[in-house]
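**Student:** Annotations for this protein, taken from TrEMBL, read as follows:
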- 10-137: domain 'EamA' (DOMAIN)
- 12-31: transmembrane segment (TRANSMEM)
- 37-56: transmembrane segment (TRANSMEM)
- 65-82: transmembrane segment (TRANSMEM)
- 94-114: transmembrane segment (TRANSMEM)
- 123-143: transmembrane segment (TRANSMEM)
- 149-168: transmembrane segment (TRANSMEM)
- 150-276: domain 'EamA' (DOMAIN)
- 175-193: transmembrane segment (TRANSMEM)
- 205-225: transmembrane segment (TRANSMEM)
- 237-255: transmembrane segment (TRANSMEM)
- 261-280: transmembrane segment (TRANSMEM)
Amino acid sequence: MDRIFKKYSDVLLILTAIFWGSTFILMKKAIEDLPTFSFLFARFFLAFLLMLLIFYKKISFQKEDIIAATILGSINFVAYATQTYSLNYVPSNIVAFITALFVVFTPMFSYILFKRKIKTNSIIGVFIAVIGLYLLTLSGKLVFNVYEIYPLLCAIFCGLHVSVTDAFSKKYNIYTLVTFQFLMVALLSILFVPFESHNIRITPVVIFALFITSFFATVFAFFVQTYAQKYTSPTKTAIIFALEPVTAALFGIIYGERLTFLQIIGGLLVITATIISEIGDKIIKFFSPKN
């Protein structure tokens with residue numbers, strides 16, 4: 001498995017971004033019937049059970065591994081709680097843009113916490129990605145209101161999560177990090193369930209959303225992210241994940257949403273940023289004066 005992730009880590013991260021982007025509208029519809037923290041508890045507890053079922057023999061129960069997973073889970077809880085809650089009050093395209101600003105926060109946290117240097121092509125990629133995300137999801141319009149603080153907090157904690165995952169994935173058991181991270185998110189979520197409205201309806205949309213988000217957008221996605229980050233930088237990971245709102249916009253077309261010319265340009269810029277983060281250093285080296 002190490003050989004596969006070392007060779008295809010970036011491709012698998014792109015696939016992860018696609019899964020996450022495809023669930024935006026699905027989650028927004030699901031939390032109309034199942035409140036935010038009830039949904040998060042169900043999603044992450046199901047994911048925890050799936051990880052136990054599939055990878056029990058590979059999970060380490062060492063204290064240091066579980067503590068590391070608990071730290072990641074706490075960070076991830078804040079990220080998902082603020083993002084999912086914001087979908088009750090903020091249009092999904094605006095949530096997608098503000099959340100995707102973690103592409104800016106990731107290299108900041110990596111440098112501040114772990115002294116990781118930021119490559120020139122990554123800086124260029126971040127700059128282009130931010131412009132692209134702005135055009136893609138907002139079409140040049142950003143009117144900030146109080147509820148948009150939540151996806152901004154999500155962006156900050158997503159950036160922190162990617163940075164810490166980068167450090168932990170190289171030091172601790174991958175299977176433990178993923179499994180007990182899910183359990184931590186579920187346990188923290190259930191603490192807030194009593195404060196929610198108890199008008200719960202288990203509809204086909206909720207069941208479908210829980211299946212898709214638990215297996216594909218949680219078990220698969222976070223396992224891939226944690227494993228792949230052993231072989232790629234946190235800044236590159238963040239730029240690849242900026243493809244998430246691109247995917248969200250494309251899936252939105254299925255639900256009758258249309259892409260404007262500016263949004264198409266924005267999507268192309270994000271894709272360009274991803275390519276630059278991948279091969280930009282080779283381009284810079286090619287055009288640099290020969291010694």
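We number each residue from 1, going along the chain as drawn.
Heads up, the Cβ atoms here are built off N, Cα and C, so glycines get one too.
Automatic, uncurated: that is what TrEMBL annotation is.
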**Student:** Between the transmembrane segment (65-82) and the transmembrane segment (94-114), do 3 or more CB pairs sit under 8 angstroms, pairs being 6 or more residues apart?
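**Tutor:** Not in contact, no.
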**Student:** Under an 8 Å Cβ to Cβ limit, what residues of the same chain, 6 or more beyond the ends of the transmembrane segment (37-56), are close to it?
**Tutor:** 27, 30-31, 77, 80-81, 84, 175, 178-180, 182-183, 185-186, 189-190, 192-193, 195-196, 200, 206, 209-210, 213-215, 218-219, 222-223
**Student:** Which bits of the chain, at least 6 residues beyond where the transmembrane segment (175-193) starts or stops, bring a Cβ under 8 A of a Cβ in it?
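**Tutor:** Distal contacts: 35, 37-38, 40-41, 44-45, 47-48, 51-52, 55, 58-62, 65-66, 68-70, 72-74, 76-77, 80-81, 165, 168-169, 218-219, 222-223, 226.
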**Student:** What else in the chain is close to the transmembrane segment (65-82), if you only count residues 6 or more beyond its ends and a Cβ gap under 8 Å?
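**Tutor:** Distal contacts: 36-37, 40, 150-151, 153-154, 157-158, 160-161, 164-165, 168, 171-173, 176-185, 188-189, 192.
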**Student:** Using DSSP, tally how many residues of the domain 'EamA' (150-276) sit in helix, strand and coil.
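**Tutor:** Output for the domain 'EamA' (150-276) reads 100 helix, 0 strand, 27 coil.
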**Student:** Using DSSP, how many residues in the domain 'EamA' (10-137) fall into helix, strand and coil?
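**Tutor:** Going through the domain 'EamA' (10-137) residue by residue, I get 106 helix, 0 strand, 22 coil.
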**Student:** Are there residues at least six beyond either end of the transmembrane segment (149-168) with Cβ under 8 Å to its Cβ atoms? List them, or say none.
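**Tutor:** Apart from its flanks, the transmembrane segment (149-168) reaches 68, 71-72, 75-76, 78-80, 82-83, 85-86, 90, 94-95, 98-106, 108-110, 113-114, 116, 177, 225-226, 229, 233-234, 237-238, 241.
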